[in-house]
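Enquirer: The annotation S-adenosyl-L-methionine binding site is assigned in Swiss-Prot to GLY47, GLY48, HIS49, ASP66, PHE93, ASP108, GLN115. Among the features that Swiss-Prot reports, compositional bias 'Basic residues' is placed at 290-305. According to Swiss-Prot, the feature region 'Disordered' maps to 280-305.
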Amino acid sequence: MPDQLPATDSTFRHVPVLADVLLNALDEEPSVHWQSGLVVDATLGGGGHSSLLLDRYPDLRLIGLDQDPTARAAAATRLSPWKERVSIVATNFADYSPPQSASLVLADLGVSSPQLDVAARGFSFRLDGPLDMRMNPESDGETAGELIERMEESDLADLIYAYGEERLSRRIARRIKADLAAQGPYAGTASFAYAVAGCYPPKARRGRIHPATRTFQALRIAVNDELGVLDQLLSSAPGWLQPGGLLAIISFHSLEDRRVKTAFLQDERLDRITRRPLVASAEEQERNPRSRSAKLRIARKRSES
């Protein structure tokens, strides 16, 4: 494994989480099952995980999927040393089927650092930008701003509670709808985050986690149908694998992890490799705070499936 990843576009720098954890776990698996053949990186992003796999395992070929054009451009740069072994496809993994059986399917479900750190994408409550949150900014899908205007207060509260696990969801939804009625659409993510934070008691606004975190998560999940898309992946991906092939999924919050855990337990095509999720080391958590909530689960396709 190289000490440094290949250089990539300066607008899309992303440190892949659980990289060493993933590679170490894969190294423990019989090489006959997966260290040659096709890898499908269902969430290519900037190509961080893919570059490590391609460098470490020279017999792998890779198909990378991503609906974000900025991510695809960055990945093409980062993966250029292995371009003869790489194909990048502009698609959401829910709409995809590989041309042949894969030996490994990988999905990193987190929002990448560049998406969070570019104000214009509208994912961040720390940087002011349009209240957008679409993974594919070129799509004609509904933005977060449009969603909160369209929804009734009670439905918005239910959404924030269900997808953000936010205990103050009704108070937050009431404030959002009151603001929209009084002043029209929010100017951007900063004013929206300020309004959400104002629903918290003063002491609760000074914690390590920003008070708007759960509400932003809920809206992002809804705008991109993230849980529906994940359910589709969990249903489809075992069918993409050859017998003995591996399915590795990195999740970042309990709604995702519960779905992955349940699917790995209940899908008769799969055997769990990780009984408990693998997590970042203390060193990685210190180096990359976004790894603190990451959980990796791996399953193997049964030979008789």
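Every residue, even glycine, has its Cβ placed from backbone N, Cα and C.
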Enquirer: I want to check the contact list for ASP66 (S-adenosyl-L-methionine binding site): same chain, sequence separation of six or more, C-beta distance under 8 angstroms. What comes out?
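Expert: Spatial neighbours, sequence-distant, of ASP66 (S-adenosyl-L-methionine binding site): THR43, LEU44, GLY45, ARG72, ALA75, ILE88, VAL89, ALA90, THR91.
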Enquirer: So which of the binding-site residues is most packed in, judged by how many other Cβ atoms lie within 10 Å of its Cβ, out of GLY47, GLY48?
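Expert: The largest 10 Å Cβ neighbour count belongs to GLY47.
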Enquirer: Should HIS49 (S-adenosyl-L-methionine binding site) be counted as helix, strand, or coil on the basis of DSSP?
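Expert: Reduced to three states, the DSSP call for HIS49 (S-adenosyl-L-methionine binding site) is helix.
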